[in-house]
Each structure stands twice: as structure tokens, then as C-alpha cells.
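Undergrad: Just lifted these from TrEMBL, have a look:
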type: TRANSMEM; residues: 100-123; note: transmembrane segment
type: TRANSMEM; residues: 143-168; note: transmembrane segment
type: TRANSMEM; residues: 174-200; note: transmembrane segment
type: TRANSMEM; residues: 212-232; note: transmembrane segment
type: TRANSMEM; residues: 244-262; note: transmembrane segment
type: TRANSMEM; residues: 269-285; note: transmembrane segment
type: TRANSMEM; residues: 291-309; note: transmembrane segment
type: TRANSMEM; residues: 316-337; note: transmembrane segment
type: TRANSMEM; residues: 357-376; note: transmembrane segment
Amino acid sequence: MRKVIIFALILRGLLGSFYYHPDLKSQFFHASFLSRGTVNIYDYLSVNRKDLPYSDTFNYPPLIYFFQGAWHFISRAVIGPGLTDWLWDWSDRHLYAGGLFAYLLVLKLPYLLADLLILKLLLDLAPRERKCSVSLLWLFNPVSLYGIYMVGQFDILPALITVGSFILAKKSRFAWSLFLLGLAAAFKTYPLLLVPFVLLKIPRVETLFRSLPGLAVGYLLPLAPFIFSVSFQSSVFRSGLSGRIVNAPFLLYYFVLLILSFRGRKTASLLWEFMAVTLGVLLFTRFHAQWAIWTLPFAVLLVSVKSTLNWTAAAVVITLFGIVFLIPDQYVLIGLFTPLNPYLAYVPPISQFLPAILAPVFRGAFLISGLLFVFLTRSNEKTV
């Protein structure tokens with residue numbers, strides 16, 4: 001197993017160094033303002049972004065700004081000021097920077113740590129006979145390799161915290177479980193969808209009311225300094241996930257999950273619910289590829305229980321990537337290779353060369369295989 005782990009680390013290092021998505025740069029460009037003394041990035045951008053080399057808004061909750069800002073400060077001290085110079089270079093020459101590969105790798109290192117911490121938590125949850133299976137599924141699944149190391153998104157951070165929340169709920173430490181869900185939502189808002197399922201597991205009303213302050217502290221405390229900022233409200237609450245999930249199919253699906261969770265609240269754990277909710281966001285919304293990381297830890301535990309689920313899980317992953325690669329954006333596939341050849345940035349996305357009918361075909365197949373996976377895993381959670 002040591003050789004497997006070393007190979008997995010080398011693979012992550014190579015992917016992290018040689019693949020690039022502009023979102024990684026834009027997030028750390030915004031985060032670099034923390035080193036300049038900017039605390040409220042939302043108000044700052046609303047006033048100054050037209051004069052900046054990159055003029056988009058920052059659309060995430062504040063904790064990720066402080067996390068990435070702190071990491072930018074540390075990595076700049078280690079790797080030198082060239083990192084900040086590169087983050088501020090939005091010219092056509094930014095892919096020719098001499099330290100490009102080092103910059104890409106160092107910016108992704110915190111995500112590697114979160115990746116390995118999730119593996120540690122999953123191994124703690126898995127019985128001895130399934131630890132090897134869990135390790136292989138986690139270390140070599142294409143979803144995390146793509147979302148974390150090729151695209152360079154931070155979704156692994158709230159995913160780590162939700163795994164911690166699941167473990168605490170499993171131990172009936174509901175106040176701390178809700179606190180972690182609130183904290184995760186201060187990175188990205190989707191963990192709030194999991195809160196009702198934790199509340200349903202709390203056996204006594206008085207325990208429920210004692211647990212709710214944990215959620216408020218975890219979520220509202222990091223947001224409190226910004227909550228009355230109009231720029232913050234428009235950037236975080238009026239864009240992204242919150243707007244996408246308000247659709248009838250997802251709400252119906254979510255309501256059914258709540259009913260099933262309520263019926264099994266005294267016997268089942270939250271493993272299936274956490275997986276089904278986060279997968280459901282993908283099934284019924286226009287998702288980004290990295291959102292699949294939200295459901296991945298829970299899906300890995302469920303798949304490890306029953307090897308026959310591998311085929312269904314593979315169908316989900318294949319159709320998911322079919323949808324992603326057909327998005328009309330060159331940086332979902334070909335553009336990721338631009339550190340190796342910057343001219344690839346000018347190659348059209350592959351969706352322009354394929355029949356338009358493929359996109360709805362993959363979408364339909366993804367929905368069917370995803371719902372089948374949710375159905376087949378319903379009985380497996382009791383063994384974890």
C-alpha cells in the first residue's frame with residue numbers, strides 16, 4: 001500500500017503542476033488583496049474592480065477569501081513575489097511565466113492536505129476488510145483528480161468539513177455536527193441543504209434547541225461582518241447554487257428524501273442522506289464539475305460496501321464527464337493543457353465538433369444512472 005500511496009502523491013503532484021484553469025488564478029487574485037489589508041473584498045471590488053486587470057466579482061462566502069488569502073501570504077513568503085506578479089498578470093503572456101508550474105502546484109497544496117485528511121477519515125469509518133477498497137476508490141477516482149488537481153477548485157474544503165459533521169452526527173454529537181455544517185456553508189453554501197437531515201436525527205426536542213446555536217455560530221459568525229453589505233448580498237446570495245436549486249424537480253426530490261429520512265430516523269445513519277442530497281444537486285441543476293466532490297466521500301463509502309455498485313457508479317461518473325466535456329468552454333478539457341502549450345487556449349471546445357444531441361443524451365443518462373445509484377445504495381448505509 002505504501003507504493004500505491006507514493007504513486008497517488010506523484011500523480012497528484014504532476015496533475016497539480018501541469019494543468020490550469022483560470023478560476024484558480026481568479027480566486028487567488030482576489031485573495032491577494034487580503035495581504036494588502038482589504039477585509040471586505042465585496043465592497044472593495046464593487047468600487048474598484050473596473051480599474052483592476054481582472055474585473056469579475058468574488059461570489060463566494062467570506063471564509064474561503066480568508067483561507068486563500070492566508071495561503072497566498074504564506075506561499076508568497078516561500079516561493080517569492082513572482083507569485084503575486086503572476087496573479088496580477090492577465091495579459092496573453094501569463095502562461096509563459098517562468099515559475100508557472102511551481103505557482104500552480106503551491107496554490108493547490110492546501111487542497112492536497114484536505115484530500116488526504118478525507119482519506120484518513122474514511123479509513124477510520126471503514127471496517128478493516130474494506131480499507132483497501134476505500135483507499136483505491138478515493139485515491140484514483142477521476143472526479144477528485146479532475147476537480148482538485150486539474151481544475152484547482154476548493155470544493156474539497158467544505159467536503160472535508162461535511163465528512164467531519166457526518167462523523168459527529170454518527171456519534172450523536174449534534175451541536176458540533178451542526179456547527180461544522182455551518183462552518184462548511186461559510187465556505188460554500190450547499191451544506192445548509194444537509195441541516196434538516198441532521199435535525200431529524202436528534203431524538204429529543206430539548207436537545208434540538210440546544211444544538212441549533214452551533215449552526216448559528218458556525219455559519220452566521222463568519223458572515224456577520226458582511227451581512228449588511230449590499231455588495232456581499234448580491235455576490236453571494238443572488239448567484240450560484242442558491243439560484244440554481246430553486247426548481248420543482250429538485251424540490252420534489254428533496255422532499256422525498258426528507259420523508260424517507262424521517263421514516264428511518266431511528267435506525268439508519270446519515271450516510272445515504274448526505275450522498276443523496278449532494279448527488280441530487282447534480283442531477284437536477286446545471287452543475288459545475290467540481291460539485292461532484294461534495295458527494296464523493298459518501299459515495300465511496302457506499303460503493304465499498306457492495307462491489308456490484310461499481311458498474312452503476314461508473315455509469316454516473318462517465319455520464320457526468322460527458323456532460324462536463326460538452327460544455328461550450330475550452331477550459332473544461334483542452335484548455336486545461338495550456339501550461340504545456342499556451343496556444344491550446346485558442347482551440348474551440350469539443351462541443352463545437354460534436355452533434356448537439358449528445359448533450360441531452362448524456363444529461364438523461366446521468367439522471368437515470370444517478371437515480372438508480374441513489375435507489376441501490378439505500379440499504380447499504382446500515383453497514384457503514
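Glycine too: its Cβ is placed from the backbone N, Cα and C atoms.
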Undergrad: Are the transmembrane segment (269-285) and the transmembrane segment (357-376) close enough that 3 or more Cβ pairs fall under 8 Å, when only pairs 6 or more apart in sequence count?
TA: yes
Undergrad: Looking at the stretches 143-168, 174-200, 212-232, 244-262, which one shares the most CB pairs under 8 Å with the transmembrane segment (291-309)?
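TA: Out of the listed stretches, 143-168 contacts the transmembrane segment (291-309) most.
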Undergrad: Among 143-168, 244-262, 269-285, 316-337, point out the range having the most Cβ pairs under 8 angstroms from the transmembrane segment (174-200).
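TA: Answer, by Cβ pair count: 143-168.
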Undergrad: Report, as numbers and ranges, which residues of the same chain sit near the transmembrane segment (244-262): CB under 8 Å and 6 or more residues beyond its ends.
TA: 193, 196-197, 200, 268, 270, 273, 276-277, 280-281, 283-287, 378
